[in-house]
Amino acid sequence: MSLQRFFTRSTFGRFALFMMAGLLCASLSARPLLAAPDKDAAASDQKTSAKEEKAKTDKTADASSEKAADRDALTDKEKAKLEAEEKAKQEAEEKARLEAEAKAKAEADAKAKQEAEERARQDAEAATAKLQAEAEAAQQKSESTASDDAVWEEAFKQNQDELNAMEIEIDGLAGGLKAIINPLRKSLPGMEEAAQRLFSLAGTHKLDPIMLESIDQRGVLQASGLRQQMQPVLTAQNVVKDKIAALEQMKRSLPPLPEKGSKEKLNPDQQQTWKNISRIENKLIKMDQRLTLELSSATDLLGKIESMHTGVTGYLPDLWQTYYFSVPSRFFDPVAWEGITERWEKTLQNMNLRMSIEFPRNPSAWKGVGLRFLNVLLLGCVVIFFVNRRMVRAEKKGTMPTAARSGILRSLLWQFTGLALVGASFGSQGELFRGLLVLGSILVIGGEMTLAWGMRCFILDKKMGLTPLWPMYLASSLGILISYPNLPGGILSLSWIAVGLVSLYILKELHARELPGIENNLLHVHRLTVWLSMAVAAIGWPRMAILVLILVDCLAINTQFIIGLLQILNRSSDVQDSEQHAQRSVLAGLVAAFIAPIVLLLILCGMVLWVIAMPGGALLLWHYLGTGVQVGSASFNMVHLILIVSVFYITRAAITASRSFLNRVASQSYKIDKTLIPPMQTGITYGLWTLFALFTLKALGFGLENLAVIAGGLSVGIGFGMQTIVNNFLSGLILIFSRTLHEGDVIDVGNLQGVVRKISVRATTVETFDNAIIFVPNSEFVSNRLINWTRNGRIVRREVAIGVAYGTDPKLVERLLVEVAQSVPQIVRRPQPFVLFMDFADSTLNFVLRYWSDIGTATDAASAIRHRIVEVFAEHQVEIAFPQLDVHVIPQTPSLTRAEG
């Protein structure tokens with residue numbers, strides 16, 4: 001039964017509900033109205049009152065129904081009385097109900113009033129809090145505004161100080177601006193005039209590379225002087241630009257100016273700061289415009305000079321090639337001598353102009369040249385001093401002749417004097433005094449030639465005199481000197497032919513002297529070159545003839561120098577102390593490996609010294625070194641080739657050094673397995689050559705990603721035609737790194753027996769016992785059965801079989817055989833030899849003597865054992881049995897014979 005049914009249908013439930021309603025009403029009537037409850041409480045009370053009213057109504061209805069039932073049992077008089085009482089009671093109840101409703105309504109009105117008052121009170125409190133918050137925010141804003149004003153005031157003050165300092169600096173710069181601009185303004189007209197003369201000369205001599213090179217050098221010097229004159233003005237302009245940038249930065253740190261029509265206004269300090277900034281900015285802009293205007297003419301002139309330099313540099317290589325390889329003008333052709341007087345005078349005029357460029361022009365320039373000359377010469381004197389000390393010690397020990405020491409000192413003096421002139425020829429402002437450079441190069445070449453002859457005399461134990469190659473030096477030096485003034489073609493040809501005739505005469509006189517083989521051969525080469533150069537000059541190429549002779553003589557003298565150096569190195573390795581003899585091969589290998597790059601570099605340096613002395617030599621050399629050759633996707637030039645050759649010799653030197661080092665380690669250390677050395681050497685060798693190959697491909701311009709394509713092509717080649725090669729190569733790597741074979745092993749492979757002498761990646765060298773050398777492909781060792789007799793050591797077991805006659809004592813035979821084995825010196829004592837009784841044969845008792853011996857003497861030991869067995873068995877009457885066949889002939893009877901017939 002649910003609660004609803006309990007309270008509505010049962011009498012007890014209705015009574016209980018009525019009693020609860022009565023108690024609730026009593027409690028509500030006794031409760032004082034002190035304060036209005038909240039909305040939830042009021043709703044709850046109203047709900048409870050509604051329930052109580054409903055319960056009361058239900059109870060009344062029940063009572064009425066009960067009374068009605070009782071009234072049916074009474075009389076009419078009693079019924080009327082009861083009805084009157086009930087009516088009065090109902091009226092009283094109705095009155096009470098109305099009073100209760102009025103009371104509830106009054107209570108509801110009081111609650112609503114209290115709620116309205118509470119809401120008004122809460123709204124008042126919220127408005128008060130809001131006003132309070134607004135007041136606090138206004139106070140904080142006021143305080144923040146005051147703080148910002150203080151910050152701005154500090155910033156304005158700092159900016160004002162900076163502006164004052166900047167304005168003072170700018171006023172000072174503006175006052176000195178005239179002094180900065182005047183030097184450039186005064187020198188600019190003269191520089192423009194000089195530049196116009198250079199432009200005019202460049203146009204006049206545009207086909208003469210010697211004059212054009214001198215004009216270009218003068219232009220470079222003039223551009224350098226112009227930059228120096230412009231530098232103070234440029235510095236002032238940079239200062240002005242920096243100040244403008246500082247003002248822009250200062251503007252960004254200040255509050256912006258109010259826009260037109262805006263109600264915001266700046267305070268007086270801010271307005272004054274902006275006025276100062278505007279005033280200083282106007283000054284700076286005017287100064288920048290003035291400096292730009294003053295620099296514009298100089299900048300235009302500098303651009304013209306640099307444009308001329310770029311153009312001249314661009315087509316000078318072609319002019320120099322035309323200069324040396326021009327169309328022949330034969331000196332015996334009358335056309336070559338037409339206007340020779342005018343051309344000679346023009347040559348003298350050009351020489352005067354070049355002398356002002358290629359030699360110092362004023363005392364200050366000569367002073368700078370002298371200081372640079374003395375500095376280099378002083379350094380050379382220090383080097384000569386220490387070298388002389390070392391040579392004096394060697395002379396006292398008897399390892400250097402006195403004549404060789406004096407010759408080397410003389411050559412060093414020549415070389416450092418020439419180097420001092422070469423160093424002095426490079427001016428402090430970038431100028432090049434080519435006349436001093438030519439003289440210095442000639443002296444350096446003479447010193448190099450003297451040093452080469454000194455080293456040769458040291459090896460030949462000869463007294464050092466004048467080098468027999470001095471005709472080469474004379475002819476080359478005269479060729480350089482007569483090429484310097486750019487003589488007309490006919491005069492230059494005759495001059496060079498005269499030099500050649502003089503050189504041939506000197507060579508004829510020297511031919512009667514006895515000269516060393518190398519020098520004699522070099523002079524023969526020089527004689528042939530002189531004849532060739534004279535012929536070339538006669539047909540109209542005198543400049544080419546001079547250049548060819550100089551290059552050949554350069555190679556000849558450098559060859560003598562290198563030979564002497566190599567011989568001295570060999571001599572020094574031969575005089576090592578006795579305890580160093582074990583290291584001599586290592587030292588010799590390293591010297592031989594590393595000397596090749598040094599030789600190459602020395603030859604190149606020698607050629608450079610000779611080439612730069614010729615007109616346009618340095619420029620042509622640099623041009624040809626940098627000119628690339630395109631072959632497919634690869635491009636290379638002389639620098640690349642020189643680099644590749646040098647790296648080749650360095651790689652070979654590194655391989656030699658590593659192999660020598662490993663051999664030395666193996667010979668001095670007992671803890672390293674010597675069989676590991678050959679595989680390590682092979683691995684290092686192939687690794688270094690692989691790196692060299694990759695470097696070469698990269699230097700030639702091949703991308704390493706192209707190796708994938710190459711690998712694909714190789715795979716196809718391997719699949720079709722290189723299977724055997726690759727098989728042998730891989731088999732060789734397996735043999736080397738698996739250490740299956742070692743050099744010196746005794747092997748059997750197939751029908752071949754011999755000693756392994758060398759294992760390479762393609763084949764293995766085997767020496768047979770018949771002293772034949774057989775190259776066995778490595779694949780046979782991997783694919784076939786291989787017997788290595790010495791893999792576990794050189795001691796092997798051998799056996800000798802012997803049979804004795806029946807009736808012989810076996811114990812006696814065993815004892816005699818052991819004694820025989822012990823008496824042979826080739827047989828080792830441990831393990832001991834022993835004898836086995838093997839079999840009862842048809843005619844013999846078979847025994848086997850087994851013994852251990854070195855594999856190299858095992859065959860000799862077997863022969864010695866057999867000799868001793870024959871002797872010992874004869875002494876003890878032991879018969880060595882052999883197979884015997886007894887044939888018994890049965891005679892036939894006569895009757896049987898007749899029957900068969």
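Start at 1 and count along the chain as shown; that gives each residue its number.
Even glycines carry a Cβ here, placed using N, Cα and C.
Taken verbatim from TrEMBL:
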- 37-124: compositional bias 'Basic and acidic residues' (COMPBIAS)
- 724-791: domain 'Mechanosensitive ion channel MscS' (DOMAIN)
- 800-880: domain 'Mechanosensitive ion channel MscS C-terminal' (DOMAIN)
- 37-128: region 'Disordered' (REGION)
- 1-35: signal peptide (SIGNAL)
- 369-387: transmembrane segment (TRANSMEM)
- 408-426: transmembrane segment (TRANSMEM)
- 432-453: transmembrane segment (TRANSMEM)
- 490-510: transmembrane segment (TRANSMEM)
- 587-613: transmembrane segment (TRANSMEM)
- 633-655: transmembrane segment (TRANSMEM)
- 676-695: transmembrane segment (TRANSMEM)
- 707-730: transmembrane segment (TRANSMEM)
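When the stretches 369-387, 432-453, 676-695 are ranked by Cβ pairs under 8 Å to the transmembrane segment (408-426), first place goes to 432-453. Long-range contacts of the transmembrane segment (676-695) within the same chain, counting only residues at least 6 positions beyond its ends with a Cβ under 8 Å from a Cβ of the stretch, are 644, 647-648, 651, 654-655, 658-659, 662-663, 665-666, 704, 736-737, 739, 743, 759, 761. Within the chain carrying the transmembrane segment (432-453), a Cβ under 8 angstroms from the stretch's Cβ atoms is held by residues 217, 355, 358-360, 369, 407-408, 410-426, 464, 467-470, 472-473, 476-477, 480-481, 484, 557-558, 560-561, 564, 606, 609-610, 612-613, all 6 or more beyond its ends.
Helix, strand and coil counts from DSSP across the domain 'Mechanosensitive ion channel MscS' (724-791) read 21 helix, 26 strand, 21 coil. When DSSP labels each residue, the domain 'Mechanosensitive ion channel MscS C-terminal' (800-880) comes out as 32 helix, 26 strand, 23 coil, counted as helix, strand and coil in that order.
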